[in-house]
Amino acid sequence: MHFIDEVKIYIKGGNGGNGCVSFHREKFIDRGGPDGGDGGRGGSVIFRSNHHLNTLVNYRYKQHFTAENGENGKDSNRSGKSGKSLVLDVPIGTQIFSEDGNILFYDFTVDDQSFEIIKGGSGGLGNSHFKSSVNQAPRKRTEGEIAEEMWIHLSLKLLSDVGLVGLPNAGKSTFLSVVTAAKPKIADYPFTTLVPNLGVVYVDDEEFVIADIPGLIEGAHQGHGLGDKFLKHIERCNVLIHLIDGSSNDVVADYNTVRLELESYSDYLKNKIETICLNKCDVLTDEEIQEKINKLQKVTNKEVFPISTCTNAGVNKIVKLALETIKNQE
């Protein structure tokens, strides 16, 4: 399954049906009055959030969507049938923007939300509406309303409580696999994670959602590497878990690289609560661990937690701390 989180599509409401020109015809009634019915209303275009979806791949290849037109009016004052509305399902976390991205029309944050973005066109009036004392046999009717059409931009931001950040190969995917049932691709080389991965963490009969975002590199906010494409997915989370590769020769530089990218991308990310973890401590001596923690704490003025996703050392503490932070923000 391809992970698609940005698409542009064309949508159009259904046109209203035309009104009918008709006159009553019945045996022994030579000149019946007007009995043209109204046209049916066109179908609307409606978006609906669906928790079964997690990508916009359904809109990658088909990009034009039109609701059904209303039927024309009929004789005997029969109205045309209304057109069926077009319901388009999207994942929770989808945002609907104008084509240029400057106007946010709607933001889906829970399951089964609906948003009518285009109303169907009104049906035209049949000639029976235009009968008057001076015109007993009107041939006037109105045409159905032409429905609105537009190009829109759909953008998916994954909904998670916790976002995992760090340089490539910091151990984020391993962390996710240890604390959840998610099975991300894991290998000992950069950019193993090519798409965001989500997992559910269960702690003491409670749960939260955690997202593993592809590794950041210097210049990610400018489009370098993979990070720029996926940074938006952690804008909604409550807390960031920042993993640093303890085997790195310069853990402070690694930390600063990621922080710069977060701060350059948006104020939302800049101000997120951050839990800093020194990972891969299983390959370090106690003295090396303490030395690197001291360096990080001097720069960050925050507590730094030593962990190992290989031995699970310290991981459970981080998970419980994340849950506590989430609950304190609710």
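Note that the numbers count up from 1, one per residue, in the order the chain is shown.
Keep in mind that glycine also has a Cβ here, set from the backbone N, Cα and C atoms.
Record features (Swiss-Prot):
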- 1-159: domain 'Obg' (DOMAIN)
- 160-327: domain 'OBG-type G' (DOMAIN)
- 166-173, 191-195, 212-215, 279-282, 308-310: GTP binding site (BINDING)
- SER173, THR193: Mg(2+) binding site (BINDING)
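Of the binding-site residues LYS172, LYS280, LYS172 has the largest number of other Cβ atoms within 10 Å of its own Cβ. Around the Cβ of GLY166 (GTP binding site), a 10 Å sphere holds 26 further Cβ atoms from the protein chains shown. In sequence order, ASN279, LYS280, CYS281, ASP282, GLY314, VAL315 constitute the residues six or more apart from SER308 (GTP binding site) in its chain with CB-CB distances below 8 Å.
Mean predicted confidence for the domain 'OBG-type G' (160-327): the pLDDT average there is 83.
For the recorded site, LYS172 (GTP binding site), the DSSP three-state label reads helix.
GLY166 (GTP binding site) sits 11 Å from SER173 (Mg(2+) binding site), taking the CA atoms of both as reference points. Within 10 Å of the C-beta of SER173 (Mg(2+) binding site) there are 23 other C-beta atoms, taking all protein chains into account. Reported as a whole number, the C-alpha separation between PRO214 (GTP binding site) and SER173 (Mg(2+) binding site) equals 9 Å. Neighbour counts of Cβ atoms within 10 Å were taken for the binding-site residues ASN169, PRO214; the minimum is at ASN169.
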